[in-house]
Amino acid sequence: MLAKRIIPCLDIKNGRTVKGVNFVDLRDAGDPVELAEIYSREGADELVFLDISATEERRKTLVNMVRSVAEKINIPFTVGGGISSVEDVDILLNNGADKVSINSSAVKNPQLINDLAQKFGSQCVVVAIDAKQIDGQWIVHLVGGKVPTELNLFDWAVEVAERGAGEILFTSMDNDGTKNGFANEALAKLSELVNIPIIASGGAGNIQHFVDSFKEGKADAALAASVFHFKEIEIKALKQELRKNGVEVRL
């Protein structure tokens, strides 16, 4: 059985980490490279960087950050945010990113998934899906969850997998930020429908939530931000607890 993965997520704006980070020993809480090193040391399996800046300079800034992170850590990392072309991906992968995450651009142009998978291989194509329940249906949303689409989560996930995505990063917007646990029912259904790894996101509040995402949600990986950034959960302790609960992890 493949080990389950724990993935801290960092929001990046203009080359800096945003959304509050509370590491006492940090010289500069806004430095994504320093944070990446700490998480890598603490036992994170992978990292995700989501670029939320919208400046003209963003690509250059992002490339510089990716290069610096790649020099400092030896765990895989994914970069997402504003990626909409083969050229965007080429630049990021050439500068050291292991994977890219696409979201809105995949919905607007599904062929992009095929193109990226064909050119770079499925293993580096992550499709992020943000969804929330409306009248009992899981509906895909865009623009950080502000814009609803006509797409059903499960139909879209199947299409994404068929087009060559290597992984799906599913964020439940109903759970995101609540610290009440992941959307395990939806996660389990996704795992049944597609045979690519599912990364659970949205709702982590305590260690039990991670246990549940793997055991009930059948997730392959679990992603979180604030519980790690604010030291509410230490990755080493989390992994030891997961192992005690019969979840295979790399210690």
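Yeah, the Cβs are placed from backbone N, Cα and C, and that goes for glycine too.
Under the heading active site, Swiss-Prot lists ASP11 (among others). DSSP assigns ASP11 (active site) to a strand.
Sequence annotations record features per position, and here Swiss-Prot assigns active site to ASP130 (among others) based on sequence analysis. Taken residue by residue with DSSP, ASP130 (active site) is part of a strand. For ASP130 (active site), the same-chain residues lying six or more positions away in sequence with a CB closer than 8 A to its CB are ASN103, VAL140, HIS141, LEU142, GLY144, GLY145, THR171, MET173.
Counted within 10 Å of its Cβ, the other Cβ atoms near ASP11 (active site) come to 20, all protein chains included.
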